[in-house]
2 protein chains.
Amino acid sequence: MMQRLDSRDAGFAASFAALVADTREPDRGVAGQVAAILERVKREGFRAVADLTEKFDRVHLSAGSAEISAAERRAAIARVPADQRAALELAAARIRAFHQAQRPADGSHSDESGIRAGWRWTPVERAGLYVPGGRAAYPSSVLMNAIPAQVAGVDELVMVTPTPGGELNPLVMLAAELAGVERLFRIGGAQAIAALAFGIDPLPKCDMIVGPGNAWVAEAKRQLYGTVGIDMVAGPSEILVIADASARPDWIAADLLSQAEHDPVAQSILITDSATLADAVADWVQKLLPTLSTQEAARESWDDYGAIILIGDMAEAPALANALAAEHVELMLADPQPMFAAIRHAGSIFLGTHTPEPIGDYIGGPNHVLPTGRRARFSGGLGVHNFMKRTTWLDAGEQGFAAVADATATLADAEGLPAHALSVRIRRG
Amino acid sequence: MMQRLDSRDAGFAASFAALVADTREPDRGVAGQVAAILERVKREGFRAVADLTEKFDRVHLSAGSAEISAAERRAAIARVPADQRAALELAAARIRAFHQAQRPADGSHSDESGIRAGWRWTPVERAGLYVPGGRAAYPSSVLMNAIPAQVAGVDELVMVTPTPGGELNPLVMLAAELAGVERLFRIGGAQAIAALAFGIDPLPKCDMIVGPGNAWVAEAKRQLYGTVGIDMVAGPSEILVIADASARPDWIAADLLSQAEHDPVAQSILITDSATLADAVADWVQKLLPTLSTQEAARESWDDYGAIILIGDMAEAPALANALAAEHVELMLADPQPMFAAIRHAGSIFLGTHTPEPIGDYIGGPNHVLPTGRRARFSGGLGVHNFMKRTTWLDAGEQGFAAVADATATLADAEGLPAHALSVRIRRG
């Protein structure tokens, strides 16, 4: 059953520490299997990709049929209902506008020495986007992964997605269209990641690979990190709601369940100083659960990983929130600003009663690809800068060179690097 | 012997492709050994750290003696010669000034819908810095890794460094002092990385770990990526010099050797349109080599991985440079600006005849921790933002909520996520 903690209980510190320590990422023992798949794809090329696709997706692939044609894409897109198209177009426009505001700026620095230095951001050339097939084929994830790449100015965006049984998801095809995905391949799993990283013909070699996936896909990205850039190491989703007595318990219950329905290992936590609210939310969760077609996953998540934490004073909340470093934090407070200012570690923060987290999942503007498993302590969500890289530059000039030449040679000598010292001294003549 | 390529030769494309493909990172088979060390440290705690330190560094450690005391630090620092101290202080000041200019800015975005959104950068709480011992104990690396953390506002910076035989490096101790390193431990290797990532008492748990190291250290960081943040996956150093007939061959030779002396697998490449310059540089390398105390590593690097590429026209250079995506690129050109504008993939670019790369290693201002092994195609060097993370936020308000509620519910329904739709609909009453 869902945990209930009270910060005034004797055992609270230990129980809370255990909650923080459990990042719900059991070692599924996939590392060895994934390493074998990567090695096989590298060695055997497309034949290995086709074999594995036949095995896992029951789809027979040739090099000529691996790519989803423009005609297939058009036919699938034509099946999207008008209201879904309008909603997706609104989402794409809003996400694009937010990310355009986020483009990192070039900069420079100079001083009286005469030395000029700076940095310049440039986009990667080609990015690969993994999109899961089946139940977790989310068009919103296509927008969230592809639009930042598009805004960054990436030359070519290549998408891979498994099509178990051969079926294309119309809304996913439309999202790819809206987000400027040039090429699509019907390949999934670790073999798709390998094909993008190594450039297994007909798939082009990508400089970075992003997007959600199952344990095999996530592990393949992790193992290839350094060979290519990746977005992040992702775990199951999570939400933390911080609420005071002014908040509606039914709204909070729905928000908690919106995370829980993603995955049996998702996590939903409520922190409140109101015992009345805590009880009411627990009741509402039970009332709403049976109405959901996703109730099985939602119930399992809530029972196994859900938690309601009662605190004596709202001033205790920031420290707890920072330790949890949750992917999503909702501030259901009469005045969310002081709490917002006090929270340091969070993937994304949703302020006030009318910003339920699903608004951010789809349409608010900020990215929904966010750090999980306490990783918000050291990393942020996906953004335009993930698809760009910063090149620094230095221009000493004769005057600047003269100002620092001796100090440079001194340090090079101290480090035992004579050619470093020589490259300075040889210029002094 | 050093390779000579000519872009007008028939086999050039294949030879150049082979040069690009060889990132000089042989699989040293350390992954299994490192995994075993990480597992052992996690299981046995400090006892494992002490055992491994005794084995590799011949230093007997207790939990009480693992930390280098303030008195030891002071005593070591007192031995730094005055000219070295002055040079290091100048370097620290210049590096700090550049990185202060680089702090990322918070931002926000709003539109007529009434929805407000934005992002906020906050520093990580605690960062760990690995500093190699022995020959590669570079005080400059301490500054380059620690100052960005300090500028970012990291609460506590913890350094680990092996002290084979018990010896402290005075200039490294001074660099730690100048860069605000709070705590120092005499521990190295994969066990030190494990201790920082897991928080093995007396070492505090760090949110991210940065710094150079040998193959074991680099692999430990790679394996722990996701458990903690890391700076990057690093390989051997490299330089690309692009020069025209106006450049001095002796200066270029010294600059090529300044990379080569780092490591037998470092790489130095010259691209030029002048056959005369190409020959002269090759001659100067041979003339300068015997003058270096580091000639053994430098000669091995130059013979095995060095290259001079003759091109028919300088306009060919940018494409070659972008394929090589070198850590360091020197533009030894009469007018470096057009080439600077044309190069997209590089770690750091050094403009003009009086900006030898070692100026950037020590004192120019920009960071010397840079992407190697063609990784400049997807990543940049270390900076202040590596020690910060971006939290996005969203504030819909009642008006904004009303503007996007229907579209959100439509998309949630389309994705088969009823609790997502419910969290919106329940707020409409």
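Quick reminder: no glycine exception, Cβ is built from N, Cα and C everywhere.
Unlike curated records, TrEMBL annotations are generated automatically.
Under the three-state DSSP scheme, A:TYR130 (NAD(+) binding site) falls in the strand class. Taking Cβ-Cβ distances under 8 Å and a sequence gap of 6 or more within the same chain, the neighbours of A:TYR130 (NAD(+) binding site) are A:MET159, A:VAL160, A:THR161, A:GLY188, A:ALA192, A:ILE193, A:ILE209, A:VAL210, A:GLY211, A:PRO212, A:GLY213, A:VAL217, A:LYS221. What TrEMBL lists as NAD(+) binding site is A:TYR130, A:GLN191, A:ASN214.
According to TrEMBL, the feature substrate binding site maps to A:SER237, A:GLN259, A:HIS262, A:HIS328, A:ASP361, A:GLU415, A:HIS420. Under the three-state DSSP scheme, A:HIS420 (substrate binding site) falls in the helix class. Counted within 10 Å of its Cβ, the other Cβ atoms near A:HIS420 (substrate binding site) come to 30, all protein chains included.
Residues or ranges marked as Zn(2+) binding site by TrEMBL: A:GLN259, A:HIS262, A:ASP361, A:HIS420. DSSP assigns A:GLN259 (substrate binding site) to a helical segment in the three-state reduction. Every protein chain considered, the tally of other Cβ atoms within 10 Å of the Cβ of A:GLN259 (substrate binding site) stands at 32.
Summarising the annotation, TrEMBL assigns active site, proton acceptor to A:GLU327 (among others). For A:GLU327 (active site, proton acceptor), the same-chain residues 6+ apart in sequence whose C-beta sits under 8 angstroms from its C-beta are A:SER237, A:GLU238, A:ILE239, A:ALA346, A:GLY347, A:SER348, A:LEU370, A:PRO371, A:THR372, A:ALA376.
Cβ neighbour count for A:HIS328 (substrate binding site) (all protein chains, 10 Å cutoff from its Cβ): 27. DSSP gives A:HIS328 (substrate binding site) a strand state. What TrEMBL lists as active site, proton acceptor is A:HIS328 (among others).
Other Cβ atoms within 10 Å of the Cβ of A:ASN214 (NAD(+) binding site), summed over all protein chains shown, number 18. It is A:ASP361 that, of the binding-site residues A:ASP361, A:GLU415, has its Cβ surrounded by the most other Cβ atoms within 10 Å. Packing around A:GLN191 (NAD(+) binding site) is summarised by its Cβ count: 29 other Cβ atoms lie within 10 angstroms of its Cβ, all protein chains included.
Proximity to chain B, defined as a CB-CB distance below 8 A, holds for A:HIS420 out of the binding-site residues A:TYR130, A:GLN191, A:HIS420.
For A:HIS262 (substrate binding site), the same-chain residues lying six or more positions away in sequence with a CB closer than 8 A to its CB are A:PRO236, A:SER237, A:ALA297, A:SER301. According to DSSP, A:GLU415 (substrate binding site) is assigned to coil rather than to any helix or strand. Here the CA atom of A:GLN191 (NAD(+) binding site) lies 31 Å from the CA atom of A:HIS328 (substrate binding site).
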